[in-house]
Amino acid sequence: MVFSHQSKATATAAAQAGEGRSGKRPPLPAAEDWGADEEVLLIEGAELYGLGNWADIADHVGSKTTQECEKHYLDTYVASETWPLPNMNVSLDTSPEAVAARKQRQQERLKGLLCQRRDVFAV
């Protein structure tokens, strides 16, 4: 499938990477402090708001700063050796201990972002 914004070479590369007629996409790239849900929100935000609107994209992701979103997108997708596709050869420690540590770091980061007042949501 070739979209209007996509070159034939990009479409060919996407097809070779596994996105065929089924519409299934290859798995998301792995990053140390980015969960799959955050990757999806980053890509979704970029599609909704356009590249360069990092503040809006960060708001869409919800758990990352403007700078983190921009850096991660540029490092993972644009500066990839496999451009225009993400580098899928990144290994990520998926042991229960490593996953728990990443989750703990993410929860610590979110503490300051989440609303602490429960009466705000009272009806």
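Cβ coordinates are placed from backbone N, Cα and C, and glycine is handled just like the others.
Listed in TrEMBL for this protein:
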REGION    1-31  region 'Disordered'
DOMAIN    29-81  domain 'SANT'
DOMAIN    34-81  domain 'HTH myb-type'
DOMAIN    34-77  domain 'Myb-like'
Averaging the per-residue pLDDT over the domain 'HTH myb-type' (34-81), what integer do you get?
91
Helix-strand-coil residue split for the domain 'HTH myb-type' (34-81), DSSP-based:
35 helix, 1 strand, 12 coil
